[in-house]
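Novice: Straight out of TrEMBL:
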REGION    A:174-196  region 'Disordered'
DOMAIN    A:290-369  domain 'tRNA intron endonuclease catalytic'
ACT_SITE  A:Y320  active site
ACT_SITE  A:H328  active site
ACT_SITE  A:K361  active site
Amino acid sequence: MLKRRGKNFNQIYRNPLPVTLSVDKYGQIPPTSLANPVSWISLACRLLYIYSHLPPREELTKVISDEDGLTFSVADDQGSMRLWRQGFFGKGTLSRSEPSWKARVEQRLGLTNAENIASEDVTAVRRGERKAFKGLRQEAQKLEQLGRLRVLNEDEQARYKSLVDQMDAMRLGKETAESESALKDESVATDKGEPEDIGRKVQESLKISLVEEDDNFPVSELREEDRTLIDPETNTLRANLEALQLQKTEVFFLLFALDAVKVFKNDSSLLLQELFYACLGSSHSPDNKFLLDYVVYHHFRSLGYCARSGLKFGCDMILYKRGPPMLHAEYAVLVVRDGDCGWTDWPDFMALARVVGGVRKTLVLVFVECPTQEEFDEILLSELDRCALSRLFLRYKVTEVVYKRWSPSRTRD
Amino acid sequence: MSIAQQTLTNLVHYNLWTDVTVHDVQESAESTPYRFALLSGLPPSKLDQSDKEGLREWVIARLLEDRHSSMSEIEQFFRAIESLAPRPKRVTLALVNDDATVTYYFVHDGAIKPRQN
């Protein structure tokens, strides 16, 4: 399910993980041919050079844990950009996914001339259209009610007719936009009916809002909250209120599996073991929710998927083939402890499958088999270094089951 | 950041509410401790078509991770507000996820006519 085309995604999101390869740093290995001994020498020199140096490492990104250990966030822009662009980790605290609050606010308050379209603006336009439609509908329904009580006069009849026409036009406009985008790429089912010309619409609406701001809303009429944001001398934002926030599974993956971050709490850096216990919380049992989630997260990350929170679809994770900017998530993952008869029962699967089906994703039930409490305790008692943690995670078994609703009457010949 | 602070930032700078305040709620001694924070503010436009213009909205901020929930807790939401203002017809429940997503739900005090989508 393709989202938007024509952007240089391959350049911006070149690395799927925040890891620098030797190839990136030292360049490709020179072409060699068997018949040309000189090329062997240059190959040998290059290999010797690479193997005599330590593998390239970027500076570790600084992640700050708050005092309660509830949130992990990256405050510096460079680190945020690294973790977002290389693997789509985290989420802007004031954005839907990529941190875009600063750019959005600058645009809203008219502090910049740049024309960026954030995904939030696209949603705002769609919601605005829907709201306008609802307003018309409400007025029409009032007239209908009135019409049942008495005969409408001419003005009212004319008004009612124009309302109905306007609503029909809006419905028609939506349908043609959807069918057009479906025609353009038949194999692609439009996920949320996002028409191709949405970019143009958003730009128009942004321009309108900017014009309105200049004419009708002088700076003195800004929200009190906005005025405190702006530095009156330079007419720029005082600070970026947004940080990139990482989930527990993400921050643990970045430290345990990739060693790409350094986690700080109260100015001292946390050891892997300390982070593990911080994520684990108070329940030290093998079926701890963090452990189950992490096992599944690590599993899908290892398979090359980009896994992100599935909160908005009522599941534990959603899986992207590359990442949120390019493709809509294809799978919704529910983590189930094997043998659990808690809240994840068959009726719950059914309910979730309907929700997930409604947004055209495939539901994947992931059953996790846990080690016994004795095995778990034994590993936790030993020194918890990377090796011991690997041993612990190896005791977990992950099985995926795709859950699909089948309606016999629709598939019958 | 506390859940109250997270919700406040989200309301003011993401959903563009104004005049948002965090309220101190007095817990009565015998009841179980509150697992939520209480806020109130003014949304940029009416949240429901049947609302009065300029209605002050009550928001209950709660951690999503905290799976425990019960009818008595929902009653606590309204009790906490009652100690400050007349009992409202509904509150807005803000669920804070560990990735800083805040999802909002209406909790009505009793049954209401469903609204047209």
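Every residue number used here counts from 1 along the chain in the order it is shown.
Using N, Cα and C of the backbone, Cβ positions are placed for all residues, glycine too.
From a predicted model like this one, the values you see are computed outputs, not experimental measurements.
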Novice: Just counting, how many other CB atoms are there within 10 A of the CB of A:K361 (active site)?
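Specialist: A count of 23.
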Novice: Can you give me the average pLDDT across the domain 'tRNA intron endonuclease catalytic' (A:290-369), rounded to a whole number?
Specialist: 89
Novice: What's the CA to CA span in angstrom from A:K361 (active site) over to A:H328 (active site)?
Specialist: 9
Novice: Using a 10 Å radius around its CB, how many other CB atoms surround A:Y320 (active site)?
Specialist: 18
Novice: Cα-Cα separation of A:H328 (active site) and A:Y320 (active site), in Å?
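Specialist: Cα-Cα, rounded: 7 Å.
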Novice: DSSP secondary structure for A:H328 (active site), reduced to helix/strand/coil, please.
Specialist: coil
Novice: What three-state secondary structure does DSSP assign to A:K361 (active site)?
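Specialist: Assignment for A:K361 (active site) reads coil.
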